[in-house]
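Visitor: Got a structure here, written out as structure tokens. Questions coming.
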């Protein structure tokens, strides 16, 4: 007998209310020139659906430019939207190329040492990162629409991938490990493409900026701590990434003595790198000093080790690095078997994280140079890049924060800088790779530490604290989750806190009591404007949210609580009792059936208290639904007003507003 | 180098904007009596936190009544809030008892036949449902705060529990099955108590009304289809619940011939039940005819079968039913072992569904009689009831839609009607249970079919269609999910659709272009009010949502798109170009750091287009955060206005608004 919910609720309420007509003091007092609340032009169901669908999935109107075009033109436009290089390539000139060449060479010199280092985070041989930096930027240059992003392996994704893969296959020297890495890369690409093609790019917005700040900082600390292994030359190092396990490893290794040659190399090069970074930060036009310093470190340290044969004294070196270009790896991917599901899962997670990073970078630079970036198209580009990468011995690539900033400062104009970088990487693979054999691990550790330092964004955290405490909490949750547990847990906490915030938002919307600002007909929150005066005999409440199933009961109860509280207060101060409740609906953009039921319940409760409900400024959707549910008739069409001022003028004490 | 996100973004923007002062045409033209946008009184971090915390978890102020009370009084109030019976019991009188006695006897007569039938849905022996109807209402009467709810086993929860338990232990005759049922009941109770004690009752609001309507109807159809087994006397019946498997069973059994005696009994009693239901619906004061008709059916059919020994001719009967009161079952509960996790999972699901039903009933009747119901306290009561139930051979109990409606119509005054029912059940268990041995299953099937019919609420579905198409979709999704797959899948679809709606709401908020209503200084959505006229040289956009990480990029892009679209349109119509963008912020109740960044980006993009940003009516939280982030300085304090009218009067063409 769930009819109790709907069976004639409206009818019954109508009956109850009409049977007992309220005293309408000023109903005759309708002012001239007063506008009525209008309903929007009626739409068919199809029109309505189409509009909502477009606004949800195609809000950026990607097909707008195809309208009113000839067939051949449409083909060219289509080609351009898949490969933007055909669009900007036509206007490309020598001046742009000069900028791109310099930027490309700069990021290449930064990229090579970072790659060799980052591959270690993913527990892969160094050449796989170099392969990645050759193929991925090339694909991106043709398909991507960001002009400033620098593509390649990045620290955080490498660490995440390494952790997830090792959880699945602890022996990272096995061939299965490498195959699973390619599998994960393939599915990371598929995930990214799918999100873009299905126009679901907005899903990545669910990881909030605050959570990203915390997650990145936590990952940076974790990565830096991991480097203590190479930095101090410790042999038996924990496989866990949390700070407690790592510190225990470090101090238990202290008994056996750390390797002093290693520490000397590490500390001196780290000091050099940090100094150049500091210089670059102070003088923006010296950015290139910091950009090439990792390469200098690698060259100097490799040469020193080679001369002194320090590797015989316990200084760990790269030892082996394959030369030659990327081998084909398409048959290495697990398309069946027991590792398939793990590959899909790892690909999904690392693909999403990689996407978050790339889109954040893309948006930042697009805003700085004021060009538009189509998030969904960008995802297709990144996804294709990783799918092709997985077939050519690459692992998950994305946009790098540090290299993109260098790219931007070095004056890149287009994605051609990525092509330049890619060509440099190709030459490196063909010619000079074997030279990295003597590069000491300690230098790589220093390079990583210096690189990830800039992921710790203290200013952003301070701003979070100042602006929004909940955001700060999300940030700290992610940070401590990463450093005390693992990157996965930190990521999980970030997502959970972000969702908790959304749920809180939709469950507990704000309501405010309004008062009249003296000398105006403007009604404002009395807590914000202490001068705003309440109207005798009336209570004006504004609901600051759409009324949905998730909050309809709360809103109803909250409005009744305002009424009870206010009545208690007014009785105490011998103010007139409340006869009218005005609900200001301007911010209520939508209402669903639960919301309609809540309004009905509110009406019934008010009826019992002998209080009249007046409604001010319902929006287009709300007024339509009030009509559809026939609730507008129950409230009374003459009790729905354009503004709070109109409602007060009609039913309020004379002279308050007219 | 994620500093690109925050490192001096504000400072840089300030610089850019100040370096190029805009033409301020009417800046001197500040009108007298104009109010400035005020900041709310400052709160300490603790105050702010406390207020938010209280609003989220204690919005109903449950401890309000304890304030300014003496210790002994506090104790009594505390006792009363755990056992409301001590509160209303003091004012209890004979008149109330008369109402409760009649209502209690009526629901008991309805309850006994329903119980025997519902136990079958849970694949349990009939006595367990009778046990449940004895203990659960007794506990609830002491702790619950609804005056109209009738407690006991219900059809949908019985079916859900039966399905989930059978998935785990297919042999429902085994002792493990019974033990798992008690375990699930125990954890259902724990779940309910925990939700109440942790003040997380609002979580059940995430199952929307629309989804519940669909889910209930689907469950009703599924339950009715299941009854075809008993109704047609089919021996080999599918264990699946989806409509296709069931219909296949029915038609394949047709070859072997259905049992005509069974069908005769079933059809005639179903006709009788439906007739009485129809009478009760037409004449509200004859509700008792429908209420006692199931009991009449049971008595008549049992007697007939006993006389004619129809059971020997293939009419299936109850056969065995234990007599005596509830045995203790506390050592039957699995507190460890392999079934523990299954018990927790099943308990969680069935506990939540039971809660949803009970709270919906409680709220409906509380609204009808206008008393308040504390959702969280109600959950503690229901939870305690199920925990105690699990220890005394009961399975999950909750409020029954049909019996609660009968209780209400029979004139119940308080939960004493539940006590009366409980006592009748006790007597039944002690004295007359063995008489049900000859009750034919076909009659039980008829009783179930007649009972679940009223769960199909076509009027509610029609209202959903009229008011909100998305709600209708949610309803249909749940409905078809249940009938074509299973109750679990239907439930999953309901939850998924509800969440999708919330996510859509927070990702794609509405924005509207405003125009001035002629003869007023009121600005309204031009789509809703075609008379509203746009102001030359200005575009006024209202953002209808809090600006959070989940929508900040969309809002920024959408505002810029409004600007581009409007500029294209105005150029075409040779209207003045747009120099000012007014963002009306009245509905923006909150903004987080992502929102602040989006506003900064908007400001930069507008700067490039030579458009000035003006802000109208930021709320208390927004203005505070604009100050905290120093963005208000970048926008310019003189560009933040109390109303759109003020902004137009200051910067707009002369004579439009002043």
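Placed from the backbone N, Cα and C atoms, the Cβ positions cover glycine too.
Annotations in TrEMBL come from automatic prediction, not curation.
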Visitor: For the annotation transmembrane segment in TrEMBL, which listed range does it cover: A:126-147, A:236-257, A:324-345, A:346-367?
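Guide: Per TrEMBL, the stretch marked transmembrane segment is A:346-367.
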Visitor: Between the candidate ranges A:97-119, A:258-280, A:511-533, A:534-556, where does TrEMBL place the transmembrane segment annotation?
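Guide: Going through A:97-119, A:258-280, A:511-533, A:534-556 one by one, TrEMBL flags A:258-280 as transmembrane segment.
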Visitor: When you get a sec, could you say which of A:66-94, A:472-500, A:559-587, A:588-616 is annotated transmembrane segment by TrEMBL?
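Guide: Residues A:472-500 are the ones TrEMBL records as transmembrane segment.
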Visitor: What stretch in A:149-165, A:258-280, A:286-307, A:346-367, A:379-398 has the biggest tally of Cβ pairs under 8 Å against the transmembrane segment (A:442-465)?
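Guide: Ranking A:149-165, A:258-280, A:286-307, A:346-367, A:379-398 by Cβ pairs under 8 Å to the transmembrane segment (A:442-465) puts A:258-280 first.
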Visitor: Six or more residues out from either end of the transmembrane segment (A:346-367), which same-chain residues have a Cβ under 8 Å from its Cβ atoms?
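Guide: Hits for the transmembrane segment (A:346-367): 145-149, 154, 156-157, 160-161, 164-165, 168, 180, 183-192, 195, 201, 204, 207, 212, 373, 375, 378-379, 382-383, 386, 396-401, 404, 408, 488, 491.
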Visitor: Residues of the same chain, at least six outside the transmembrane segment (A:258-280), with any C-beta under 8 angstroms of its C-beta?
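Guide: Distant Cβ neighbours of the transmembrane segment (A:258-280) are 230-234, 286-291, 293-294, 296-297, 300-301, 304, 310, 313-316, 440-443, 445-447, 449-450, 453-454.
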Visitor: Counting CB pairs under 8 Å, which listed stretch among A:177-200, A:206-225, A:286-307, A:379-398 touches the transmembrane segment (A:472-500) the most?
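Guide: Ranked by Cβ pairs under 8 Å, first place goes to A:206-225.
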Visitor: Taking a Cβ cut-off under 8 Å, which residues six or more beyond the ends of the transmembrane segment (A:379-398) line up next to it in the same chain?
Guide: 82, 122, 124, 128-129, 131-133, 135-137, 139-140, 143-145, 151-154, 157-158, 161, 181-186, 188-197, 201, 326-330, 333, 350-351, 354-355, 357-359
Visitor: Can you tell me which parts of the same chain pack against the transmembrane segment (A:206-225), counting only residues 6+ beyond its ends and a CB-CB cutoff under 8 A?
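Guide: Contacts of the transmembrane segment (A:206-225) (Cβ under 8 Å, skipping residues fewer than 6 from its ends): 121, 155-156, 159-160, 241-243, 246-247, 352, 356, 360, 448-449, 452-453, 455-457, 460-461, 464, 468, 471-472, 474-483, 487, 490-491, 493-495, 497-499, 501-502.
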